[in-house]
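Here is what TrEMBL records for this protein:
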type	residues	note
TRANSMEM	20-39	transmembrane segment
TRANSMEM	51-71	transmembrane segment
TRANSMEM	78-98	transmembrane segment
TRANSMEM	131-150	transmembrane segment
TRANSMEM	162-180	transmembrane segment
DOMAIN	309-393	domain 'Histidine kinase/HSP90-like ATPase'
TRANSMEM	452-473	transmembrane segment
TRANSMEM	480-500	transmembrane segment
TRANSMEM	506-525	transmembrane segment
TRANSMEM	532-552	transmembrane segment
TRANSMEM	558-580	transmembrane segment
Amino acid sequence: MSESAVFETRTAESRTRRVLGVALGVAALFYAINGYGTATAQLALMPPVAVVLYLVVSIAPIAVGLASVWAPDWGIRALGSVHCLVYAVSLVSFVPLLGTSSLPLSTTPWTYEVTVVATAASALCWPARAAWSYAVLISAAAGVVRYATLPGEDLTRGFQDGAIILAVAAIFVALPQLALRAGQELDAAGARAREEATNDARVRAVQSERIRLDALMHDHVLALLLAAGRSGDQPAERAELQARAQRVVELLPAPDSATLDSHMTATDFLQRLHESTPTAFEWREAVLPEQDLASVRLPQSAAHALLGAAAEAVTNSVRHAGPAQRSIEVHITAPTRVDVVVADDGRGFSRDAVPAERLGVQLSMEARVNSVGGSADLQSRPGEGTTVRLAWPALHETGRMRTRAVAKDPSEVSTPTDISSALRLGAWPAWLLMAAFTVANALNTLSTLSEVYWPPYAILTLLAVTTGAFLLCQPAPDPYVRLPSILVVLLVIGVSFAAWNVPPGHLGTPTSWFLLSSAILLFFLAVRGRIVLAWFGFAVHMVIVTWAALAAGFTPTAALSFTIPHAVPILAASVFVPLLRSTLAQVRQLQEEARTHAAAQEGARAGLAEQERRMRRLWDISEEALTHLASPAPLTPADRHDFLLTEAAVRDWLRGGPLATPEVLAAARTARERGVRISLLDDSHGSASPQILARVTGEAVAALAEANSGDAVIRLLPAGRSLAATVHTGARTLIIPAIDTSISADVGDSTA
């Protein structure tokens, strides 16, 4: 199968079309076998071209069923279109090719029985408007053919047959179209869910990466620069600073160091994890031999996610566990399996008692690992310590943090696909079909009252069929409610006795319309999930009708012919319903897998992009200072002063966010050299518009250039306020409105 075909089969619409195609093929095969005798008798009166048309009409839908298993969608539609067009030619040319003016009253053209196959094929392969137009035209043509081939050219009989065909055609056009539309809606819902998941994964990954990197910079970069700025001239102290700087440089990801396609060896992963683990943690490892360890390669996204999550777990233990025994255990096995366990026997906690800000860090740990296809499992109880298990790839039995595990809402528990809902049974399309079905039945009943033994029973038959159709249109989950289902079967059994009310010469004519209508009721019962009950009803129906036909003098073969063809819709439903239910369930599973994969990919991509952006900015600010510290060069007082200024610039960036533009940081550095104490604060959480930022940073640069002493505070305010920002320097406070950024006010001694 081609790659495009494989891709197509992953859509709900395509899979639904394939299920419909298989059901169509099964029905066509049954019709071909059942109608072979009638067709050969009629084809014997026709020229060879009629045989060719018959073979194409019979074989093409069977080929559609076979092609639905392996062929691309366009191939299925092409075969179905060939069948529809050739059937139309066969129908239109039937009378000219027949060679005789009429058929026996109880004999129908071979094209009559397979009309439902052609109309269903049109619904399977064509747009709705084309399929409905085809159904109307074919039904009208079939009525004309029936009229032209009846003894005495009975116009009423032709009209009745055309009405029956149109009612049945409407059903077998509407159901495939509704099924395909349900597939389209499922695809659209899956696409929306995938987009929402990727957006959520992107936001969570960026936030998680920012938390991790900010903590890394705070704990290592800022601490190092501050220590260097306050250091003395002792050689031992300088050597310690150099070693610390080298570890920081190695620990920090370099810009352009990782992409989604790049990898980290297990050796490097183990080394980085070991170097970032405090000495207070007991180190345990169970890994492959060194020569094998170097050959194990982890995706950079997975490696960084595990390292970041482990660092968060370690930090949480140090900050919150209190006095405790701590350990970190690493398992690396072939081909690529990594497990990291961070444990302590400290205070532990209960999820309900955890502050929101602390729980957010824990959940970011889960989001980080899950986003790359791993799992995070956290276990903790008050007084019993905490254990965090990180795994990549994900452990099937975990995959979500147990601190988040809650009982599922019943509405969230997966249930079998409801076919009735997918086909909108109980909605207005079903009621419209019921109305057409009832009108056709009523026309046939009223026009043949003079041909039955007892007209009141014919009226009761119409009421029984209408009641059954009404019951089957009631909204209810699958399988359909048992009591109404049994009632439908009892109604069908009662209707079957109407065969005793029809004279022998009228069995198989519109007078016995109830035979097909009973099968249609049982077809819908099967569609609603009561397949066994539908077949039971049909078996009883067949026995009663066959008994009546035998009593009327028909041969056993002829008696069975009144019911056997009507088993085809029930057979098609018996194939269609389980396959469609299974298919839609598989589609939902595939969509969930695709959503998870897309979210993981987007999360990894966004995390790496955020890492690249923040590391590039960090190196822009501090590369010179960190490189100097990592070298053996001695430190001068000017160097130490520069380290303090660099530490302040990094802190401004971490706190100020979008305020910390190169221009603002340069102005802040110059102002600090004049003795100004500066704070950049971003409380906007990313809500400030580019216009606001441009206005605020411009005012900040100007204000810092004028400040010579005292405090300077530049602050972006939270969203939803009338003010967007304040710039406070000494005795001046500049306020910037949130609406018109061309307006600002100097309020003198006012404070923010």
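First residue shown is number 1, and so on along the chain.
Heads up, the Cβ atoms here are built off N, Cα and C, so glycines get one too.
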Contact yes or no, the transmembrane segment (162-180) and the transmembrane segment (131-150), 3+ Cβ pairs under 8 Å, gap 6+: yes
In contact by Cβ distance (the transmembrane segment (480-500), the transmembrane segment (532-552); 3 or more pairs under 8 Å): yes
Positions on the same chain near the transmembrane segment (452-473), where near means CB under 8 A and six or more residues out: 425-426, 430-431, 434, 437-438, 441-442, 445, 480, 484, 487-488, 491-492, 494-495, 498, 500-503, 506, 511, 514, 517-518, 521, 524-525, 528
Interface present between the transmembrane segment (78-98) and the transmembrane segment (558-580) (three or more C-beta pairs under 8 A): no
Same-chain residues at least 6 beyond the ends of the transmembrane segment (20-39) whose Cβ lies under 8 Å from its Cβ atoms: 54, 58, 61-69, 76, 80, 107-108, 110, 113-114, 116-117, 120-121, 124, 176, 179-180, 561, 564-565, 567-569, 571-573, 575-576, 579
Same-chain residues at least 6 beyond the ends of the transmembrane segment (78-98) whose Cβ lies under 8 Å from its Cβ atoms: 21, 24, 42, 45-47, 49-50, 53-54, 56-57, 60-61, 63-64, 67, 109, 111, 114, 117-118, 121-122, 124-126, 134, 137-138, 141-142, 145, 148-149
